[in-house]
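Structure record follows, encoded as structure tokens.
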Amino acid sequence: MENRWQVLIVWQVDRMKIRTWNSLVKHHMYVSRRASGWYYRHHYESRHPKISSEVHIPLGEARLVIITYWGLQTGERDWHLGHGVSIEWRLRRYSTRVDPGLADQLIHMHYFDCFADSAIRKAILGHRVSSRCDYQAGHNKVGSLQYLALTALIKPKKIKPPLPSVKKLVEDRWNKPQKTRDRRGNHTMNGH
């Protein structure tokens with residue numbers, strides 16, 4: 001029998017980021033209770049040998065599943081050590097892959113407090129606004145001028161530890177070009 005390949009969209013990730021992500025998810029599920037309804041599935045509960053963990057996040061009828069893998073083929077670089085993350089949106093029998101920015105937006109819409117459109121109107125009219133955004137990772141673009149003024153007025157509180165962000169999990173901190181300077185402070189030829 002010949003080998004059959006199955007191709008998935010998987011984001012290559014540093015294994016320490018996966019450990020940090022899993023511990024943040026568990027903290028907010030069991031300690032702070034901000035991620036109530038989320039389900040963490042260990043590697044020994046999965047029948048697939050490459051899956052290291054799964055986090056199921058209910059979004060109304062649908063759910064978001066963040067699957068972390070180990071033992072994958074290594075990448076082009078030395079630090080791509082075979083760890084990865086896939087992000088899947090499921091509704092009944094339909095499933096599709098989503099990017100980290102969209103995953104953060106979906107989590108933000110369903111779970112964490114944010115400014116409503118009415119909050120901007122209330123602030124302009126001089127009424128008291130008590131809401132604040134708890135999940136800054138869910139905003140992937142610059143808001144309106146009124147929104148920016150409102151965020152300057154009401155500072156978001158810092159949550160320790162931070163809420164788990166899918167975009168932060170898959171960000172590529174290794175491939176960013178390093179700024180190098182010679183001893184006089186000038187850019188060298190091999191730097192960017």
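Numbering starts at 1 and runs along the chain as displayed.
Placed from the backbone N, Cα and C atoms, the Cβ positions cover glycine too.
Pulled from Swiss-Prot:
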{"type": "REGION", "residues": "40-44", "note": "region 'Interaction with host APOBEC3G'"}
{"type": "REGION", "residues": "75-114", "note": "region 'RNA-binding'"}
{"type": "MOD_RES", "residues": "Thr96", "note": "phosphothreonine"}
{"type": "MOTIF", "residues": "108-139", "note": "motif 'HCCH motif'"}
{"type": "MOD_RES", "residues": "Ser144", "note": "phosphoserine"}
{"type": "MOTIF", "residues": "144-153", "note": "motif 'BC-box-like motif'"}
{"type": "REGION", "residues": "151-180", "note": "region 'SOCS box-like'"}
{"type": "MOD_RES", "residues": "Ser165", "note": "phosphoserine"}
{"type": "COMPBIAS", "residues": "170-185", "note": "compositional bias 'Basic and acidic residues'"}
{"type": "MOD_RES", "residues": "Thr188", "note": "phosphothreonine"}
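A simple way to gauge crowding: the CB of Thr96 (phosphothreonine) has 9 other CB atoms within 10 angstroms, across all the protein chains here. In the three-state DSSP scheme, Thr96 (phosphothreonine) falls into the strand class.
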